[in-house]
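Per TrEMBL, these features apply:
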COMPBIAS  1-16  compositional bias 'Basic residues'
REGION    1-104  region 'Disordered'
COMPBIAS  39-55  compositional bias 'Acidic residues'
DOMAIN    70-147  domain 'Casein kinase substrate phosphoprotein PP28'
COMPBIAS  80-104  compositional bias 'Basic and acidic residues'
REGION    136-158  region 'Disordered'
Amino acid sequence: MGRGKFKGKPTGHRHFSTPEELLAGTSARPRTFKKEVAEVEEEEEEESEEEVEEESEKRKGTQGLIEIENPNLAKQKNVKARDVDVGKTTELSRREREEIEKQKAHERYMKLQEQGKTEQARKDLERLALIRQQRTEAAKKREEEKAVREQKKVEARK
């Protein structure tokens, strides 16, 4: 019999038992699986009790001498909210520290600059003094030229 265009998965088709089959006990799947699992669990419990007694008495090789867990296994550090130390300051990274130092140095430099104590500030002040002097000289020269023009106008009218 043909399956059509698409084939089913190779795992097979699911078969669901009807409630009547379950009650009659004639379902496709046997019900003995749970019983087998229960028996295996009981046997394991008995064996584990015996093993616990033996383990406390005798250990293999160097297990009795060395009690170290796997050092390569990274343990998770879970910190609860009540255990957190609020007063403790966290360490800054190198980049953050350098950034803060850079800002403080810049602030110090700008403060000295305002006071005129840095070399650059001195040069700026000298330049400003020179420019002021040139402007005052230029202003005097303009006024003198203006005064000379006015005198010429007055003389020309006479």
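Counting begins at 1 with the first residue displayed.
Note that Cβ sites are derived from N, Cα and C of the backbone, with glycine treated the same way.
Because the structure is a prediction, the values reported are computed rather than measured.
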Of the residues in the region 'Disordered' (136-158), how many are helix, strand and coil by DSSP? 22 helix, 0 strand, 1 coil
The compositional bias 'Basic and acidic residues' (80-104), counted residue by residue under DSSP: helix, strand, coil: 14 helix, 0 strand, 11 coil
Segment-level pLDDT (mean, integer) for the domain 'Casein kinase substrate phosphoprotein PP28' (70-147): 87
